[in-house]
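What Swiss-Prot annotates here:
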COMPBIAS  1-11  compositional bias 'Polar residues'
COMPBIAS  52-67  compositional bias 'Low complexity'
MOD_RES   S76  phosphoserine
COMPBIAS  146-162  compositional bias 'Basic and acidic residues'
DOMAIN    187-236  domain 'GRAM 1'
COMPBIAS  452-461  compositional bias 'Polar residues'
MOD_RES   S693  phosphoserine
BINDING   S749, R750, D752, N1025, N1053, V1054, H1056, H1069, S1072, G1073, T1074, D1093, Q1094  UDP-alpha-D-glucose binding site
Amino acid sequence: MPITQIISASDSEAGPKPSISLVPDKPSEPETSPRHHRLSRSLSKFKRWRGRSNSSLSMGSSEQQELQDSPNEARSDDDENGYNNDNADDLAKSKYMMKSIAGLLTTASVYAGMNNAQEMNVLSQVDSEESDSSDSFQENIGQNEVKSKKENLKTKSHPEVPRLDKRKPTLFDFSITREKLSKDNVAKLRQRFCLDEQEPFLNDFPAWLLKDVLVQGHIFITTKHFLFFAYLPKNPRSVKMSGNLNIRTKLIRSTRYWCVLKNHLFSMYTSSTELYFPVLTIDLREVQKIETQKHTLNGSATKTFKLYTDESTFKFNADSEFSAKSWVNALKKEQFAAQNSENNSISLKIPLPNIIEIDDQPIVNKALTLRLRALESSQTYAIDDFMFVFMDGSGSQVKESLGEQLAILQKSGVNTLYYDIPAKKSKSSFGKETPATAEQKNNGEDSKYLNVPTSAVPSSENGKKSRFRFRERSNSWFRRAKPLEDSQVEDVEEIYKDAANDIDSSVHSTIHIHEQEDSQEQTVAWKPSHLKNFAEMWAAKPIHYRNKFIPFQKDDTYLIKETEEVSANERFRYHFKFNKEKSLISTYYTYLNRNVPVYGKIYVSNDTVCFRSLLPGSNTYMVLPLVDVETCYKEKGFRFGYFVLVIVIHGHEELFFEFSTEVARDDIERILLKLLDNIYASSAEGSNISSASLGDVQHNPDSAKLKLFEDKINAEGFEVPLMIDENPHYKTSIKPNKSYKFGLLTIGSRGDVQPYIALGKGLIKEGHQVVIITHSEFRDFVESHGIQFEEIAGNPVELMSLMVENESMNVKMLREASSKFRGWIDALLQTSWEVCNRRKFDILIESPSAMVGIHIAEALQIPYFRAFTMPWTRTRAYPHAFIVPDQKRGGNYNYLTHVLFENVFWKGISGQVNKWRVETLGLGKTNLFLLQQNNVPFLYNVSPTIFPPSIDFSEWVRVTGYWFLDDKSTFKPPAELQEFISEARSKGKKLVYIGFGSIVVSNAKEMTEALVEAVMEADVYCILNKGWSERLGDKAAKKTEVDLPRNILNIGNVPHDWLFPQVDAAVHHGGSGTTGASLRAGLPTVIKPFFGDQFFYAGRVEDIGVGIALKKLNAQTLADALKVATTNKIMKDRAGLIKKKISKEDGIKTAISAIYNELEYARSVTLSRVKTPRKKEENVDATKLTPAETTDEGWTMI
């Protein structure tokens, strides 16, 4: 029974009014949309038959409304089509009061918890004491219990768990498997560095260049040069990182935004579903500094970090120190790439004679640093320092190779600055050229070297004071505020080579010139002609720009002058932080109609449509990639004398723009349609093109491993982000030195176990060991996929049978529920601990309904994750899956449902859990405050298209996508089924699937008759999976009570991934897995929920416009729903769009990436819960251990 039925009566059941009233917020005003033809008119019809006056078809729009205090308008009870008529009978009404597994557990736990009132009172006193002093709790709580159970602990036969102080940390080993330099690669390097054909390559070494970031690349040593080259991460369209952050300001203490880091732009949005309207965008090319704020007392990192620009300072608050560090690392990488790279690469070229000093220092194990100092210019005597890190011990070989080649140059008559070479000093004076050898004369540009006496070089070994004063440089080449052009890179490289003869090519003059140019451009951008602009705004005529995408005629009356074109493009790029790839095609003055019309300017570029408000006090910006636009069309104006253009966006509500002239509206429509035709023509996928602007991070396990690796080296004291070289000839991957042991713990039905099997197979492919811990009935299912299995007690079917026997709540039922639940949970606790303790897992992932994992992880002191299919995290966006109201009640209610469920759930199990913790685990008693459940990393195996991450989700809460377990490759369909499908297709009939699982209803025969009547009236063919019956576990449930007509086939269980692509619509109970399978196949979905999270997913399917939520099921309501699901084109198209989005998700890979990303954070959360040791003599202060001291795993860079 859902917890809703504990506190209120369900609409589907007769009963008194709720005894507990959860006061909703004030209802919000319904949204009004203009009436228009084509798609919009169909959409308005679609909204009406869905029974909502204010529900938008845009994905995630309802969530944004729910984040506000005002809830959406409730679903209408009066339905035009009649399939949700409250006066109709519900033949699928459950016969029994208790209907949900989680509801069963919760309800039974309440009854069992009533017997532990005295223990709860004691624990509530602990709660109040904890709020005053957590330290006193740590010292006092649980000591008496540990002492009293000391003898019992000694008699336990469980193996001892190795404590953290006894685990030996493994140092990191690095190696890179690379191919030998081919002739093509050598030729490319010669071209890149402008090397002579007669200058051979001597050696190459993998190395890391240490700047603000640690850049992985390669060192090449030739006969005359020291070269470093690195490919920076490519794919500028991908989102590097996204998540929620709080921005602190002076006026407003803190505001929470959805933040997206993409290429050189760091953008903030109001929610994860409104990604075309940034609230703030920071250009990382203009950022001067990024730093984590430190504690003033101990200097440790905080959750706050800052971004400094020339104009302002931005202060951000993350959800944890780990999250703040992750954001800082990601931002520093993109800042470095934006400010220091050209063509996605970094190159460094130093003539060997300019090298002054080479110093190597060991770090840990084989790793060492190599400091290289080189003279930059004879005019300034500036010396550049370059620091390289070698992880495989090759740094000493680099030093040796450089020393040998410098000695060869010295012997050949070339004066060098390297003081370690015992060579004769040149007799020629400083500043004159050394006589060149024949080889040098042939080499042209490399034949001139600075003739500097080695005594002039500052050295610790040189006893005499130098006559020359060298000025230290801070590597300005890497710290330029603007990206370098190719010519500038070359100038910088030439400084090391011919600085004495080419003073005009110095770094200083180059930067100085560009600073002047930038300031001039900004001055031009902010000197508009006010009278002219006012006239243009009043006339509202189109403005065309010369471009190579949409050619305009020379006599075009709207074509702008060439003298104004450059400044217009510069202003456009300045406003929206674009690079030079963006070029304007046309601009218009218009109104953007959302909630309130906003006057501004719309910009059309080669691949983007942008809007900027022009009204004082308004700060509306829009950046819409054209690849996300489906089409656009003309519409009548909302006001007299105005003309509307409607832009239709994939998976988003339409945008309406009002123009004061018909000419401007028609002109932009023509240009947009032409650009869309060009985009679709250039892609083989046509309208399937998608944009990374939708904010979906491309989760790559290698990137996640890199983040974990960064966390570990940060713990070693190296707080610097890593940038992996993406050289196609040197493939880099990160793998653990040891295989992790994953324990996946879950209880429930097949739908709860199946996603864990899919995740387990993915982890095994990563090289880890996986054990699934669940009930014995799933042993064959788990082991058939090659995954190890461990059995535990706690099968909820035992409790369900008790609820089935009692149709109403009575004293007998309460007593039996209490006694059986206590024994049930005792067995679950004990068997789960025995398995996990014996297996010695490294990481534990648990379904939170299993209740035991968080305590076992604390006892074993291992990272702990939660994974589930329904809302379990406190949020204002969604109610708890077991307390879904009949109408939307707003954010306050949603948040309250989570708090209520947590307290009710814990109240029922806390007595037994605390006793088990003390007697078996050797831990102290705990409570909700000490458990820190909201800080546990959480993985939702649901698609973000149906469950968009809420703006108030913490950084460690990830919506990964579905974990599909594909069985279609091994399934062989029966001939009867194939013939039935062929018959339906040959007759042109729609084919639907109907199945509700193994539910218990009041009258199974009447329900079957109603289903047959509905299928006949809808005139469709039906593949039936009958599982309903009047008794739990009825063996005859699969058989039909009535004769089925020819157009209905009862086939039983068929893999959804095979069957659903064969049908046109699906009708089911709304379980997470079944809903995911139907949406994955692009099917309009009709859901008749029965219990638990099924009500939640029924509402979500209806919210995003791909299905219908049936309140009651009978012949008429089901027939009406089937007609709509099989004939409505808008719903079919919407379902097809969802299919495309889900097909591009990889839930398993994203989940594995999230595990790597949050592994160190999960470990820290577990350690923070450790309050008392398992045994008194093993008193280990685990809270003081560093992450490096609490792990025994290592990682290898391959």
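Just so you know, glycine gets a Cβ as well, placed from its N, Cα and C.
Note that the structure is a prediction, hence the values are computed from the model and not measured.
Positions of Swiss-Prot features highlighted on the structure.
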| residue | record | DSSP (3 states) |
| --- | --- | --- |
| S749 | UDP-alpha-D-glucose binding site | coil |
| N1053 | UDP-alpha-D-glucose binding site | coil |
| S1072 | UDP-alpha-D-glucose binding site | helix |
| Q1094 | UDP-alpha-D-glucose binding site | helix |
Binding-site residues compared (S749, N1053, S1072, T1074) - the one with the fewest other Cβ atoms within 10 Å:
N1053
Recorded UDP-alpha-D-glucose site residues S749, R750, D752, N1025, N1053, V1054, H1056, H1069, S1072, G1073, T1074, D1093, Q1094, farthest C-alpha pair in Å:
23
Which one of these binding-site residues has the most other Cβ atoms within 10 Å of its own Cβ: D752, H1056, Q1094?
Q1094
Please work out the mean pLDDT for the residues of the domain 'GRAM 1' (187-236).
85
Could you tell me how many residues in the domain 'GRAM 1' (187-236) are helical, how many are strand and how many are coil under DSSP?
7 helix, 26 strand, 17 coil
